[in-house]
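> I have a structure here, written as C-alpha cells, and I will follow up with some questions on it.
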Amino acid sequence: METGPNNSTEDTATWSFITSTSTKSWFLCISLFAVLIRLAVAIHPYSGAATPPMFGDYEAQRHWMEITVNLPVKEWYRNTTANDLRYWGLDYPPLTAYQSYFHGILLKLFDPASVSLFTSRGYESYLGKLLMRWTVLMSDLMIFFPAVLYFLTVYYSRKPNGEKNSMAWHSAMILLNPCLILIDHGHFQYNCISLGLTTAAVAAILSDRDIAGSLLFSLALNHKQTCALYDYYVAMGGRFFNALLFWVATVMSAYYAPAFFGYLLGKCLKRQNPILEILKLGLVVLGTFAVLWWPYLYSVDASLEVLSRLAPFERGLYEDYVANFWCTTSVVLKWKRLFTTQSLKLLCLAATISTCLPSMIQLVRFPSKRGFLHGLLNCSFSFYLFSFQVHEKSILLPLLPASLLAFEEPFMFRWLIYHALLSIFPLLRRDKLVLPYAVLYGLFGLLYYTTGGRKDTTEIYSFYSTLKSSAFACSIFLHMIYMTVTPPEKYPFLFEAVIMLFCFSQFFLVFIYSNSKQWALSKTSIQEDAEKKRL
C-alpha cells in the first residue's frame with residue numbers, strides 16, 4: 001500500500017509562498033517563532049521547583065555546574081567530602097560534564113551564589129533561574145537549530161522543486177516538536193544538544209560525509225546516556241576487559257548506534273577497499289572518545305570510576321509508568337519479583353538485540369538513505385520498548401527520526417507525536433505544565449493540518465481513518481479522565497497505568513509499521529541491482 005504524501009498544488013500553496021523567499025529568510029522566521037514558543041514555555045515551573053530536599057532535574061543540572069566549576073576535573077565523578085555523589089552526583093558522560101562546566105562559568109560570572117560550593121543547594125533566585133533557562137535556549141540555538149537547517153538542506157537537495165515547497169512545513173514540524181520543547185524548556189533538560197549532534201551526524205552521512213558523521217555521532221554518544229547502559233558490565237570478568245567491553249557496549253548499545261553501525265558497514269562493504277573504509281571510521285570514533293575521555297585515561301581505576309557512574313542500576317528496570325514492554329507487562333508479570341537484577345539485565349539485552357537485529361541486517365544488506373532513517377526509528381524504538389532502565393523522556397529518541405521522516409511518513413509522525421505527548425502528560429502535570437502542554441498540543445495540530453501541511457494517502461482508507469479517529473478519541477478521553485477524576489484509594493496510579501497501556505499499544509504498532517516499511521525498501525534495492533547487472 002502506497003503511503004506517500006499528497007503533493008497537490010493547492011495543498012502546498014501556503015508553504016510555497018513562504019519558501020518563495022530564500023532558505024535563510026524563511027528558516028529565520030520559523031526559528032524566531034520557535035524561540036518565542038520556547039520562551040513562553042520557560043516562564044512556567046520546572047521539575048522539582050521548591051520541593052526540597054532533592055528538588056528535581058533543574059537542581060541536578062545546576063548542581064553539576066556547581067561541581068564542575070569548583071572542583072578539579074579528576075574529582076567530578078569521585079565521591080569526596082566536597083562531592084557527595086548521593087546528592088545528584090554527575091552520572092552522564094564527559095561531554096555533559098564539559099557542557100556543565102562552561103554553563104557554570106556563565107552562571108558564576110553573573111550570579112556567583114548560584115554555583116557556590118555547598119551553599120547553593122536548592123538555589124532558586126530569579127536571576128539564577130533566568131540564567132539556567134538561558135543556557136538551554138542558547139544550546140538550542142547554537143546546536144539544534146543549525147543541525148536542523150543542515151539536515152533539511154541535505155535532505156531536499158536531491159528532491160524536485162515541487163517537493164522543496166515542503167521544507168518550511170518540515171522545519172516547523174522538527175523545530176516545534178512539542179515533546180522536546182516541553183521537556184527541555186519546561187521540565188528542564190538539555191536534550192537539544194545530544195539530539196542536535198545526532199541530527200547533524202545524520203545530515204553528514206546522508207551527504208556522504210561519513211567521517212564527519214561518525215565524529216558528530218561520537219560526540220552525541222558522549223553527551224547523554226542514549227544507551228541501554230551497562231547491561232552486562234558486572235557479569236564480565238577482568239577489570240580492564242570490563243572497561244574495554246563496556247566502552248564498546250556504550251557505543252554499540254546506544255539507541256541510534258545499531259542503525260549508524262549497520263548503514264555505514266553496509267556502505268563500506270560495497271566499496272573497493274572495505275577494510276580500509278571501516279578502519280578510517282573506527283579510528284575517528286576511537287580518536288573522538290580518546291579526546292573526550294583523556295582526563296580519565298591516566299589509569300584503569302580512573303576510567304572505571306567514571307564508567308561506574310554511568311550505570312543507573314539502583315533506579316530499577318524502569319522509572320514511573322513508562323510505556324514500554326517491561327512496565328506494561330508488569331501489570332500481569334511482576335518482573336522485579338520473579339528475576340534478579342542480573343537476570344533482568346540479560347533478559348533486556350536479549351529482547352533489545354533480537355528486536356533491533358532485523359533492522360540492522362536490512363541496513364547492512366541493502367543500505368539506503370531512506371532505510372537509514374527508518375533504521376534509526378526502529379532501533380531507537382527497540383531500546384525504548386525493551387532495554388533496561390527507561391523513563392518517559394526517552395520517547396524523544398524515537399521521535400527524532402520520526403520527525404526527520406515527517407515528509408515521507410506524515411501519518412506515522414503525527415500518530416507518534418500525539419501518543420508521545422500523552423505518555424509524558426503525567427510527568428508534565430506533576431511539573432504544573434498543563435497549560436503549555438495544552439497550547440503546544442493545539443499548536444502542533446494547527447501547523448500540521450494547515451494548508452500546505454503534508455497529507456498521507458493512507459488516511460483516505462476507511463480502516464486507517466477509523467483507527468485514527470478511535471485512537472484520538474481515546475487519547476482525549478484519557479486526558480479528561482486524568483485531569484478531572486480522582487482514582488480509587490486502593491489504586492492511586494490507576495489512570496497512569498491505563499495511559500501507559502494505551503500508549504504502549506500505539507508505540508508497538510508504529511514499531512511494527514516502520515519495520516515493515518524498512519524491509520519493503522529491500523525489494524526496490526534488489527530491483528535496482530538487477531537492472532544494473534543487465535546494463
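From the backbone N, Cα and C atoms, a Cβ is placed for every residue, glycine too.
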> Labelled transmembrane segment by TrEMBL, one stretch among 210-232, 463-485. Can you tell me which?
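Based on what TrEMBL states, transmembrane segment spans 463-485.
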> Count the CB pairs under 8 A between the transmembrane segment (190-207) and each of 167-183, 278-296, 434-451, then give me the winner.
167-183
> Are there residues at least 6 beyond the ends of the transmembrane segment (372-390) whose Cβ is under 8 Å from a Cβ of it, and what are they?
202, 205-206, 227-229, 231, 253-260, 262-263, 312-313, 315-319, 322, 324-327, 344-345, 348-349, 351-352, 355-356, 359-360, 362-363, 397-398, 400-402, 404-405, 408, 504, 507-508, 510-511, 514-515, 517-518, 521
> Hey, which bits of the same chain come close to the transmembrane segment (463-485), Cβ under 8 Å, at least six residues off its ends?
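Residues packing against the transmembrane segment (463-485) from afar: 411, 415, 418-419, 422, 425-426, 429, 434, 495-496, 498-499, 502, 506.
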